[in-house]
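Annotated in TrEMBL:
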| type | residues | note |
| --- | --- | --- |
| COILED | 121-148 | coiled coil |
| DOMAIN | 611-769 | domain 'NACHT' |
| REPEAT | 1139-1180 | repeat 'WD' |
| REPEAT | 1181-1222 | repeat 'WD' |
| REPEAT | 1223-1264 | repeat 'WD' |
| REPEAT | 1274-1305 | repeat 'WD' |
| REPEAT | 1348-1389 | repeat 'WD' |
| REPEAT | 1432-1473 | repeat 'WD' |
| REPEAT | 1474-1515 | repeat 'WD' |
| REPEAT | 1516-1557 | repeat 'WD' |
| REPEAT | 1556-1597 | repeat 'WD' |
| REPEAT | 1640-1681 | repeat 'WD' |
| REPEAT | 1682-1723 | repeat 'WD' |
| REPEAT | 1764-1795 | repeat 'WD' |
């Protein structure tokens, strides 16, 4: 051949490599010896020569490093001088490993530079010449440079001839790669592209190199080709010759896949491969041989996918993996493999992907070894252990991830979808990123940076891809993108890396998952989902400035677990912080989770519900609290898949009556959460749903009768969530709350009631508000200069605002308009809620009008601001009403798009130009009829038609949703629309008539009523709207002057028109809410179905022939009402008929075990069985001739046993009412009889001190047990084996029934044991005694377990709660106490009864207690808070027994008054604020001008009433005990009140200032002087004090009386004061000096009253000595002695002209005397006690009090003119008005009544002309029907008819 064979090239390469390899091998061998401590090799090293790593070498001198030097010399021989090795060793402190690494690296660098020298060495035989050539060559090689790169295939080296080529100029050879194929060329005549200049100017070739190819080469001088498959062969090219080269990729030579597998299996176990592996392992290199070749199926898939079916391209049928600890060792391994010829193997391909990246970025050396013996290629892949993912050898966490990822995408052929192409490309890129981390193509710092972003799955909660939802496994496996999504999701859920690389891989995978699997539309994790919600909330806050501002001024709210009642003093009540309470609620499940496994929790999630109901009045802060709660929860939120995510849901915004089950989905979608991901979220994410405004959707909600419980209706079981729901108080009835919000499992529901602000909370809020206003201050706005003190002082000037500002929203609203209110209303004015909203509305509209004007100005458009205001105002009125009518607080813009401000303003401009310029009140708005409205596709369209006024006046609560600032604002606007619609109506003039009469006016008005907005829909559920209309009835603005009369006209119009019944019913409800008295009205034929007339005053009204279907009459005064022929279907009284039948005191009652019947017994010697549901008497059991002392149902309810003083015991059949058995002649007295639990026996006891046990079937006595002394009570145990007894010796005993033996005796009580009972299946006994203790005993041991002490008087009753956790006791100390059953600690003290508490019982659900007592009242208490919820009054004597109905919200009570009553305890829905006293009204007075009435009460208040309307004007609070008496000052500007304490108060009505007249002792009298400048008071120590009214300072102390003062009066000239006392004297005092002027002596007993004559010259006195005496003021002498009364004289008065004296006495008479002669003129007699006499102003009439009536007398004739009836209880006081045209009275029934005549004259000939004009307050008796007529009424149930009769109604 003309050129060296390939063997030369190969030998050259191997020789160079061999030198390198020998160094590596020796290096590894020595290093291992010293670093790994190989035991076998170390044996060959002398002991003592081994250096301890990390320690100090103690060897010195020549011994030091001796062993190490020997090893190094052996390793390097003469390659390195010994001195240099020694130096290196000393520098490394004897560390051989370091020296080896350093020297090996040096030698390898030298070796690579000497490869050409070694190649030339073989051509020279002379050693010396060879050495010289090497030395010279080394010098030249330093400068040798080659241009271009070599690549697989054919590489040619030659010279470029381009004169402009830099390589050509430098005469440098260049490499040209031609790849695979066949070529031919002439050595001196070629034109190949130069890699430097890019021109075809490589004209000659000097060398060729074939790389990684099977090839052949031949020259023109020898056509026989040379072939080879070595991976790298060099050939010298000789000048003048032509060459042919062929190179093709390495391929297998199999004839089939099976052939390939067979060859591969043989090669893998061949001697050649085994020897190579052994050689590698000799150098401690890990070789991983595959256990078997790849599966054929797997190979076929790979061949088809990767190689288009060409199996000969497969080399990894059985791949060996070479794993090295470090890169040096890797070099060693590669070097060893490249010596394959040594093992009869050929290295055919070497792919170095360790320093350059592979396609998948794996880092390795890939070497293909040809096994000639089997004609097959075997692949070996060498890499570092830190880079491998081979299981069992890797240090990478989740090593399969990269390979599995590759396997998923390797065969993926995307469809034509651009999305899938992108997904595939992203998958490829992600795999390379993962491999970059594994193989450290990314540096350590970069990996760390990625790893820092890692958050574990448990923290962020990976969400399942929505595309996998509801997909089967088969569907997923058939779709590569789905399969890929599923794979990545599972990896992210399972992979929990701990190391840096693992975390970086996780982050890379998650970011790929988030972007390409989940996509930008969806959250990839719970954390992402949380971020989306946070962004949505942030956007909401940015759009809703009002909420943002409200949160800025938020003050923590207080709450309780029972509702606030207006009479509650929340300053003194114990409340709790709302947020803390909710936090406690939210933590309850966390506590449970610590005890249970996750799997168990998941099961519980499907069953248990955690719900909290928050109730509060409108404006109480429910919504802002919800927003604050949401904010606080987000602030404390930690991204963790287990942490619940708060979601605020405005129910009015998202509720859709047609799609209630998806309400949560809709809410989340409104927060930019895509629908497709929601199924995944519901499975994965825990939530806190804050569902606000349930009351606002209830109108629609309740129309669906299915699934009443909201949790089921809203499909909340689908979500892992705790739920908080808010609802306005009193909108839903209690039963509606139970069925809709609480459901069956009440224990899972928490209840919280928001309470009004305390004063401290108000002050805190005002401070925040003032700061906010100052921060946002605008120039020229004086209001922004207000300080917190300014706000507080101003609020104090408006008393009726005080109650409003307790509600957070109203406080905010009032503060915002307070400066404007001050300008509009003077200090002390009564400002209604409607007036507050009116000012706020005007201010709101004014702000937005100015904004619009400013925008228009920018556009150079001028517009009248009043037109803009009118447009905005009308827009609000219309929209507010439509929202009410539609029952939706959110207006929705269907096809919305955002327009710029200019477009909006231009369109707004055109609308305003067409606005009517007339006053709003005179505008007539046409609205389509309700049936037409239902056909409109979009009711909101007109509010968003072209313009967007909504943008200016509404809150945007979604992309296309709007609502008013607050629901109360919508209510105000709707109310205004309704009001203006009513008052703006004007009649048409009547032809031929100048003045229209009332009838003509009414006729025209009636024709229009059906068109009024008030006739569109019932207002019953819109309490706020009703109140706004009611407020306007009293509004002094002239525009509302006729509103009240128009409302009455609407009711009147219903008489003739059935179609206005809705309007009439609404009107009646409004008038009632406004506390307008509707008594004595002619309302026959009216149609007011569904009207709410609770607590209404309808006395004397004619409602005959009326339609009152569904009307509510709770606690209504119906005395003297005519209901003849009235329709009353489903009418509601709120009370039930009592069980009427017993004629004497009812001793007891009991429900049958199934609750269907009631058994009662009384001192009338009868037993009665009643139907529990209807109240109908079923059976009358008669037979006993003596008092019945005990009755009991049998366990099955079929029998009743009774014991009587007639010495008999009887058993009765309940069904037939017949007596079954009788035991007569029971010894002495049958004190008790009790059934055993199984009903087979009964026990009895009597005065014979013997306990008898009887067998019922045989009537035989089983046992007679002697119990001394007298046996009182006994009870069987639950199994009937023992019986318990207690007796007068204070001892409790347990007896064995079968033997009659005593088992236990419990001693401890020091007094009479009232009762003893078994507890807990007979293991314990509870007893109580007159010794004031409750004791619990252990039956087994006989020991006392607990003593419950606390009562201060004998205990009357004890009961265990149904759940066994508590006891309730009551006693003669007027208290009820709740005890913890386990600890015996007192939990609650319930105080409220004014006398002995006789009975107390738990409700079936243990949440309430009902009690009854000697004060004749029944009271209902909340167990958890201990607060009183209800007072039920009606019994006239002691309530002796009480029980809850087992299933219904009712109470059964019985009393000494002989009645058994059934009470409805459902909380009534209060539509009106209850004005009036909450306790006995004790005293009344007219103001001097007669325009006001003042009353005082034991409820600690003074209340001022408007005489004209009966409206409450003012409430003065401050006293601690109840107020006994009150007086106006003569000018009516001040009030003085006093109680039985030492603090009488002077209150200035105008300035609201108050003075306390402080005494050291309790006072009993207070009196104004006639001019009002002074006040006299007296105390029980007989002292009299004179005070200056204006300053409140004491002027004089008058002393002289020796007993308590009974009366005081100033003289008409204010100079003198007369007093009388129990010391039998009267005294006259000088007011100026304080000296006593006269002493009037003569009475033999205490003087009750003294009065000046009108001219001040005389004084009259009366006494318990039965006499009246007249005295001369100037002389002090007695003028007259008036005798005639036969008992103590209580009162005495002069007539206005001083000519007569009237007196009343305990002898039940009043007498009229002549003041001049002393003769008796008349006797006023009526058979009853007479008190509180008073003359009319003209002296012609006298009024007096007789029990619960007022009597009017003719002064001249003594004839009784009229009896004024209406008060339910004793009248406490009565007064004539200054002009005597009206009378005011107050009563123990808590009411104040004004009486008057029709024509304001008193006509003796018309005895019944005085009637009640108005009544203030609700009567204590509740529902009253005295003398009402019910003839031919329709629709009343039997029970209701019975109720009517019992309450005094007549049929």
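Each residue, glycine too, has its Cβ placed from N, Cα and C.
Please treat TrEMBL annotations as automatic predictions, because they have not gone through curation.
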Same-chain residue ranges lying at least 6 outside the repeat 'WD' (1764-1795) that approach it to Cβ under 8 Å: 1099, 1117, 1119, 1476-1486, 1488-1490, 1493, 1495, 1497, 1503, 1505, 1507, 1510, 1732, 1734-1738, 1741, 1743-1745, 1747-1752, 1801-1802, 1810-1821, 1824, 1826
Average model confidence [pLDDT] within the repeat 'WD' (1348-1389): 90
Helix, strand and coil counts within the repeat 'WD' (1556-1597) (DSSP): 0 helix, 22 strand, 20 coil
Distant-in-sequence neighbours of the repeat 'WD' (1274-1305), which means Cβ under 8 A and at least six residues beyond its ends: 1232, 1234-1238, 1240-1241, 1243, 1245, 1249, 1251, 1253, 1262-1265, 1267-1268, 1311-1313, 1315-1318, 1321-1322, 1325, 1327, 1329, 1331, 1337, 1339, 1342
For the repeat 'WD' (1139-1180), distant same-chain residues with Cβ under 8 A (at least six beyond the ends): 1186-1193, 1195-1197, 1200, 1202, 1204, 1212, 1214, 1216-1217, 1440-1441, 1443, 1445-1447, 1452, 1454-1462, 1838-1839, 1842, 1846
Sequence-remote partners of the repeat 'WD' (1432-1473) [C-beta within less than 8 Å, at least six residues beyond its ends]: 563, 566, 730-735, 1020, 1023, 1026-1027, 1030, 1069, 1072-1075, 1092, 1094-1095, 1114-1115, 1134-1140, 1142-1151, 1155, 1158, 1160, 1162, 1170, 1172, 1175, 1398-1404, 1408, 1410-1414, 1416-1420, 1820-1822
Residue counts (helix, strand, coil, in that order) that DSSP gives for the repeat 'WD' (1640-1681): 0 helix, 24 strand, 18 coil
Structural state census, the repeat 'WD' (1139-1180) (DSSP three-state): 0 helix, 23 strand, 19 coil
